[in-house]
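**Q** Before anything else, here's the structure in question.
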Amino acid sequence: MDFSFLSDPYYYSLCLYTIAFFSVPIHFFGAYVILFQTPHTMRHVKWVMFNLHFWNSWLDLTMSLFSQPFVIPPVFGGFFLGILNPLGVDMRLQVYIMVTLIMMVGVSTIAIFENRFFLLFAENSWWRYGRVVLYTMNYALALLYFVPTVILIPDQNLARQVIFKMYPQVKPFDTPEHPVYVVAYDHEIRKYIGYRQLISLGTVIAEGSTFLFLLHFNIWNSIRKMTMSQNTLRMQRAFLKAVYMQIAIPAIIMIVPQIVMVILGYLYRNSPEMNSLAYLLMSVHGVSATLIMLYFHAPYKEYCSKLFCRKFQVVKVEANRASTTGTDVLPLKI
């Protein structure tokens, strides 16, 4: 398939506006369902679910509507085409918003697994104090980690002269309406930024994996000691399965295009078309998370089926009314 039209900023921006047109109502609907259709017995997962949905939605809308990054390889930069541009929002600020939102999505994902571990196994332990430190650290990390990257953005007049000499093929993309914005041109600084990205991703993966391990280990230990009922166990597994799907599929949509861009970049085969296609895919990350959430969590699926398809019946697993707050979950259709 020919994607050459994506090298034209006009058509690329048009594709992103089309995505935003369909995604905005989906994001609002997802927020409404979480806030007003989550059963009271599941109140302890309501806010962590909404927190993740909120940051997913803003990341989506930043990519598809507000900023619309048009990256030009091999330059570490490009320009923005979104609605923030005519409003005069500084490019440096737009770069900061995008990278910070990515980190916010990561720490919000960790919060879901930590919340489940805390409610099930650590509510009456020292962790009720330790988690405050963790959340403070994580959100401070999300807000501050990429500040040095933004500070190191070079003077644009000098950077553009250097870039155009190094990569003459970039010059045609530079126009008075959309001058090329260079995030970094020095090789060492680019490596430094890359290391920071890898470290931040590694931190999110390490923390998420730790809580998953603790969660599964304690569930296994509870089964061995017969301190958890089969009904509670079934509900916990159902909830975790739904969360895995809600996180894994959007994560693939977000991460795989970036991996492809990195590989093509090292092979010197990267192109504006491929970069544009990658960002188009990444801009539906939040929408995919919302749709998967609505499908795999049974209370939400039941509400949607009644609203959009009354003939469709969902078999609902009733939550144990006698369960503690630690076992409140969103049951699945099974």
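Placed from the backbone N, Cα and C atoms, the Cβ positions cover glycine too.
Sharing the feature lines straight out of TrEMBL:
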| type | residues | note |
| --- | --- | --- |
| TRANSMEM | 12-35 | transmembrane segment |
| TRANSMEM | 55-81 | transmembrane segment |
| TRANSMEM | 93-113 | transmembrane segment |
| TRANSMEM | 133-153 | transmembrane segment |
| TRANSMEM | 198-223 | transmembrane segment |
| TRANSMEM | 243-267 | transmembrane segment |
| TRANSMEM | 279-298 | transmembrane segment |
**Q** If contact means at least 3 Cβ pairs within less than 8 Å, sequence distance 6 or more, would you call the transmembrane segment (198-223) and the transmembrane segment (93-113) in contact?
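**A** In contact, yes.
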**Q** Using Cβ atoms and a strict cutoff of less than 8 Å, what residues sit near the transmembrane segment (133-153) while being 6 or more residues removed from its termini?
**A** 92, 95-96, 99-100, 103-104, 106-107, 110-111, 114, 182-184, 189, 192-193, 196, 200, 203, 207
**Q** Does the structure show the transmembrane segment (12-35) and the transmembrane segment (243-267) touching, where I'm treating 3 or more Cβ pairs under 8 angstroms (sequence separation 6 or more) as a contact?
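**A** They do not touch: fewer than three Cβ pairs between the two stretches lie under 8 Å.
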**Q** Kindly say whether the transmembrane segment (279-298) and the transmembrane segment (93-113) touch, using the definition of 3 or more Cβ pairs under 8 Å where each pair is 6 or more positions apart.
**A** no
**Q** Please indicate, using numbers and ranges, the residues of the same chain that are 6 or more beyond the transmembrane segment (55-81) and have a C-beta under 8 Å from a C-beta there.
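**A** Those are 9, 12-13, 16-17, 19-20, 23-24, 27, 30-31, 91, 94, 97-98, 101-102, 104-105, 108, 163, 167, 170, 173, 178-185, 190, 193, 250, 261, 265, 268, 270-272, 275-276, 279, 282-287, 289-290, in sequence order.
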**Q** Cβ under 8 Å to the transmembrane segment (93-113), counting only same-chain residues 6 or more beyond its ends: which ones?
**A** 45, 48-49, 51-52, 54-56, 58-59, 62-63, 66-67, 69, 80, 84, 135, 138-139, 141-143, 145-147, 149-150, 153, 183, 200-201, 204, 207-208, 211-212, 215, 243, 247
